[in-house]
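Database features (TrEMBL):
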DOMAIN    44-447  domain 'Amino acid transporter transmembrane'
TRANSMEM  71-90  transmembrane segment
TRANSMEM  121-141  transmembrane segment
TRANSMEM  169-190  transmembrane segment
TRANSMEM  202-223  transmembrane segment
TRANSMEM  243-262  transmembrane segment
TRANSMEM  283-302  transmembrane segment
TRANSMEM  331-350  transmembrane segment
TRANSMEM  370-388  transmembrane segment
TRANSMEM  394-416  transmembrane segment
TRANSMEM  428-447  transmembrane segment
Amino acid sequence: MTIGNFSPVGNNGQRRGKRILEEEAPLLPSEQEETGEFDEFNGASFAGAVFNLSTTIVGAGIMSLPATMKVLGLVPGILLIIFFAFLTEASIDMLTRFSRAGNTVSYGGVMGDAFGRTGKVLIQLCIIVNNVGVLIVYMIIIGDVLSGTSSGGNHHFGVLEGWFGQHWWTGRFFILLVSMLAVFAPLACFKRVDSLRFTSALSVALAVVFVVITAGIAIVKLLAGSIAMPKLFPDIPDLASVWNFFTVVPVIVTAYICHYNVHPIENELEDPSQIKPVVRTSLALCSTVYLTTSFFGFLLFGEATLDDVLANFDSNLGIPYSSVLNDAVRVSYAVHLMLVFPMIFHALRLNVDGLLFPSARPLSSDNRRFAIVTAVLLSVVFLAANFIPSIWDAFQFTGATAAVCIGFIFPAAITLRDPHGIATKWDKIVAVFMIGLAVLSNVIAIYSDAYALFNESKASPQS
């Protein structure tokens with residue numbers, strides 16, 4: 001993910017595609033030559049790579065997709081989810097093709113090849129801003145789900161508070177501290193992405209659990225005649241409804257952002273040429289999860305679907321064992337986010353290290369630097385999530401901008417720059433379309449967030 005150059009190894013008996021790392025490259029090598037730590041590592045499997053990339057994609061955004069169906073209707077909403085899966089594949093394909101042409105093995109390396117040092121630093125900053133914001137938001141959500149949250153003078157009980165009551169050990173700080181020490185810190189100590197393949201597989205399984213529970217409840221209620229069929233197309237009675245249509249676009253645009261982990265996963269593959277089918281399989285898997293979540297979530301709650309569908313599982317579902325199912329959904333979601341955390345953190349740590357120590361030896365070969373960078377980043381995320389909850393508002397603006405740059409604007413810009421003369425006319429048409437769509441999406445997202453914050457600040461003095 002961070003900056004560095006690799007050179008293909010010639011006829012030295014090593015597997016095809018294995019690369020060696022120059023001293024200044026802050027990326028993880030497949031083999032740790034100084035210590036022999038990774039001598040037994042013969043490359044990541046196809047399934048492990050798919051689970052890791054899928055976990056990078058399916059984060060907290062899955063809970064916002066049913067609300068997009070309420071605005072768009074099922075048919076346009078489903079078509080948009082499928083369309084952006086293909087567009088994301090195109091943007092990742094741009095990155096990997098120019099990576100091979102420039103003999104680089106990181107997103108930063110591709111940007112540096114096209115735009116020099118400025119391009120390298122820019123992508124590193126975008127990944128840092130995006131990933132720090134995502135991790136802080138994940139911790140806030142985990143705290144809300146497990147220990148509850150207060151807003152407008154009302155306290156919404158978390159799962160643990162509902163089970164055991166309000167105690168110091170069910171409070172947000174203690175719950176997040178235990179999560180940090182028992183889950184986040186141990187998983188953050190792995191130096192290879194492939195080491196997270198089992199937790200990534202469990203993370204994807206928990207997302208599927210949410211889909212299965214939601215689908216099961218929706219089908220039971222549909223057969224009982226207690227819910228109506230959802231609308232297929234949007235209602236457009238006035239111009240305000242047209243604006244609402246555009247406000248949901250940023251949610252879908254950023255739903256597949258995973259570009260910062262493509263290169264680290266590719267570098268560890270036993271056969272790096274498999275990265276294209278890995279990407280396609282991951283996008284197909286995640287699209288299936290997104291489509292089923294959107295369809296059954298909207299089918300279950302209809303026009304009552306909230307912006308975050310998880311909030312809909314905070315009330316009586318109108319079926320037997322409603323409270324048990326509500327808790328199962330919320331707990332599985334919280335654990336899912338805990339297991340997504342290390343995948344996002346891995347890319348964050350590499351890019352912070354590459355930005356601060358661009359000429360140092362590989363991070364994985366310097367245990368002291370690895371420990372310090374890891375501890376500092378975990379501490380920053382933990383403290384911000386506990387003591388600066390309003391930081392969420394700031395990341396609504398910076399996160400939206402950084403995400404679209406990572407996912408669409410930078411890959412398109414590299415293609416238009418075409419430093420190796422390999423871009424086709426169609427590539428450049430798609431690149432222009434990507435940039436236009438990303439800029440439009442970002443402007444809408446920033447305007448919507450600013451408008452919501454403005455209205456909230458106006459309403460608060462009156463209350």
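Just so you know, glycine gets a Cβ as well, placed from its N, Cα and C.
Please treat TrEMBL annotations as automatic predictions, because they have not gone through curation.
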Are the transmembrane segment (428-447) and the transmembrane segment (243-262) near each other by the rule of at least 3 C-beta pairs under 8 angstroms (pairs 6 or more apart)?
-> yes
Interface-richest range of 169-190, 370-388, 428-447 toward the transmembrane segment (121-141), CB pairs under 8 Å = 370-388
Is the count of Cβ pairs under 8 Å between the transmembrane segment (370-388) and the transmembrane segment (169-190), pairs 6 or more apart in sequence, 3 or more?
-> yes
When counting Cβ pairs under 8 Å to the transmembrane segment (202-223), the leader among 71-90, 169-190, 283-302, 331-350 = 283-302
What else in the chain is close to the transmembrane segment (71-90), if you only count residues 6 or more beyond its ends and a Cβ gap under 8 Å?
-> 65, 230-234, 244-245, 247-249, 252-253, 255-258, 279-280, 283-284, 286-287, 290-291, 294-295, 298, 407-408, 430, 434, 437
Is the transmembrane segment (394-416) packed against any residues at least 6 beyond its ends, judged by a Cβ distance under 8 Å, and which are they?
-> 87-88, 91-92, 94-95, 98, 107, 110-111, 114-115, 122-123, 126-127, 129-130, 132-134, 136-137, 250, 253-254, 256-257, 259-260, 423, 427-428, 430-432, 434-435, 437-439, 441-442, 445-446, 449-450
